[in-house]
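Colleague: Marked as substrate binding site by TrEMBL: Ser7, Thr8, Asn9, Pro10, Ala11, Lys12. Annotation comment: TrEMBL describes Glu36 as Mg(2+) binding site. For 6-168, the entry in TrEMBL reads domain 'Non-canonical purine NTP phosphatase/PRRC1'.
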Amino acid sequence: MIVAVGSTNPAKIRAATNAFQKAFAGQIRLVPLQVESGVSDQPKTDKEAFQGALNRAKNAQRKIKADYGVGIEGGIQKHKYGVFSNAWIAVVDKQGKVGRGTSARFQLPNKIIKQMASGDELGAAIDKLVGGRGTKRRGGAYSALTAGRLSRAKAYEQGIICALMPFLTPKYWR
């Protein structure tokens, strides 16, 4: 089985590898690909973030005619309870069937929100908060804000498995 992932980010690749191994035990060839999301660098609505994930999944799947394409797009959303972040996940197959999922949604601290209001993306704001570089290619905001108890890859892995539901239990989705 060939799985095209619309990203070269190590955390996203690890998440997709783990999710597909759990879902379809066997030979999986995962191909990371740089593809366009077609949305802003920091989506600010669920609609925009999902569209980015769907575009990435479709673009990756088509690029190499894979069995599945996976797109993951993080975003932030303002709610009455605060500003939250999560990733939307889209999985598409050769026939164009789409599965949708999300990672765990978490509230952003005011320090991060202020950094983002001055123009930083979430990853850059987290880097400044923790005094590091490239955190989004490792544990991400999840790891930084949970003191290492939850990584970006683990959170995305669960979202990918949720997006695979229509492919794992098709009889319930007819």
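Glycine is no exception: its Cβ is also placed from the backbone N, Cα and C atoms.
Curation does not apply to TrEMBL; its annotations are automatic.
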Colleague: Among all protein chains shown, how many Cβ atoms are found within 10 Å of the Cβ of Pro10 (substrate binding site), not counting that one?
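Modeller: Around Pro10 (substrate binding site), other Cβ atoms within 10 Å: 14.
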Colleague: With an 8 Å cut-off on Cβ-Cβ distance and a minimum sequence separation of at least 6, pull the same-chain contacts of Lys12 (substrate binding site), or say none.
Modeller: Val5, Ile72, Arg152, Ala153, Tyr156
Colleague: Mind looking up the mean pLDDT for the domain 'Non-canonical purine NTP phosphatase/PRRC1' (6-168) in the predicted model?
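Modeller: Mean pLDDT for the domain 'Non-canonical purine NTP phosphatase/PRRC1' (6-168): 94.
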Colleague: Which entry in the list of binding-site residues, Ser7, Thr8, Asn9, has its Cβ near the fewest other Cβ atoms, using 10 Å as the limit?
Modeller: Thr8
Colleague: Could you tally the C-beta atoms, other than its own, that fall within 10 angstroms of the C-beta of the residue listed as 'Mg(2+) binding site'?
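Modeller: Around the Cβ of the residue listed as 'Mg(2+) binding site', 10 other Cβ atoms lie within 10 Å.
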Colleague: Hey, how far is Ala11 (substrate binding site) from Glu36 (Mg(2+) binding site), Cα to Cα, in Å?
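Modeller: Rounded to the nearest whole number, the Cα-Cα distance is 18 Å.
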Colleague: For the residue listed as 'Mg(2+) binding site', which of these binding-site residues sit within 10 Å, Cα to Cα: Thr8, Asn9, Pro10?
Modeller: none
Colleague: What kind of secondary structure is Lys12 (substrate binding site) part of, going by DSSP in three states?
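Modeller: Looking at the DSSP assignment, Lys12 (substrate binding site) belongs to a helix.
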Colleague: Within 10 Å of the Cβ of Ala11 (substrate binding site), how many other Cβ atoms are there?
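Modeller: Taking all protein chains shown, Ala11 (substrate binding site) has 24 Cβ neighbours within 10 Å.
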